[in-house]
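Per TrEMBL, the features are:
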- 6-119: domain 'Acyl-CoA dehydrogenase/oxidase N-terminal' (DOMAIN)
- 126-220: domain 'Acyl-CoA oxidase/dehydrogenase middle' (DOMAIN)
- 232-380: domain 'Acyl-CoA dehydrogenase/oxidase C-terminal' (DOMAIN)
Amino acid sequence: MDFSFSEEQRLLRDNIVRFAKGTLNQKVIERDHNHEFSRDLWRKCGEIGIQGLPVPEQYGGSNVDPLTCAIALEALGYACHDGGLVFSLSAHLLACVVPIWRHGTDAQKQRYLPGLCDGTWIGSHAITEPGSGSDTFSMRTRAEKVNGGWKINGTKTFISNGPVADVAIIFAMTDPGKGFHGGVSGFLVDAGQQGLSTGKPFEKMGLRTSPIGELVFQDMFVPDDAVLGKVGAGAAVFGTAMDWERALLVAGHIGVMERLLETAVGYARTRNQFNQSIGKFQAVSHKIADMKVQLEAARLLAYRAAWKLGNSRSASLDASIGKLFVSESLLQSALDCVQLHGGYGFMVEYEVERVLRDAVAGTIYSGTSEMQRNIISRWLGL
């Protein structure tokens, strides 16, 4: 596999870095403190095509391959200091836009994708419930067949973009006797649908600018043409979302890790203690060397998973390996960077404390680290 950038990939990366540095980093500390999501910045991201990267041009996207998509998201993670915004954009793209593109009818694609790609709409993906996070088989949301459609009842929680979403992919049991594989279906639901209510965004440790909350369905009717994919094929829709999300969402983490490394090197060169820069102390330089090793290994795993998405029937194993290693490497790099900064690393005005808070979530969303190890173990026949 040759991961050398083409001229088009290099140009895309440079354009995103320039855009993010010039547009997305104003008042990040204030927005983080206030748990503030910016729809204006969302629209500006849509203007340069971030929300529709892999989608065919006929539906409003840029038609780039998964590896190029990873390079773009890496650039966004590197240059945008608002981790919550990067997460919301990635979740929207990978868990809502991509499944509609891959599983939707042409009518569904024509209806939803242009607005989701150009920044007009915000998408979400709702499968997690109060009693079922990693255990999706215990889903309690039910869709009952009625004349002309389905009546849905249940509650979803920890839904990324849920409080502000214009459209959501939701999952419900349509045939409980068949279990998750065969008994779950995906549905496209518009905001404002009668019977749908959303709670206030949760207050969180990190990713504070990404609105996350509950969706509640009370006798919510959706027509038959709201089914995404086939009835009973919700597992396939969910699987597509998870493969893309696990493989590509961590691309943004690579960019953050590169920024952390640059921050650590810069601080180690300029911070003096005992009449020399702290980078001269082996305890410091070795920690930074480990950050570099983790960055390069993480990048290769992320790129390989992205390449597999575009060149293989299944990227699930590579996506889980990449998701596990990259998310845990980011967390360790963020912790090391805080430690290298000493007391300053604990201060809000130094970005590293915010990166650390955001990084914790990476080991939880899109399947916890423990679930990734379970998936990898199953692939090994254990």
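Yeah, the Cβs are placed from backbone N, Cα and C, and that goes for glycine too.
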Q: State the mean pLDDT for the domain 'Acyl-CoA oxidase/dehydrogenase middle' (126-220).
A: 93
Q: Mind tallying the domain 'Acyl-CoA dehydrogenase/oxidase C-terminal' (232-380) by DSSP state, helix then strand then coil?
A: 123 helix, 4 strand, 22 coil
Q | Tally of DSSP helical, extended and coil residues in the domain 'Acyl-CoA oxidase/dehydrogenase middle' (126-220) | A | 13 helix, 46 strand, 36 coil
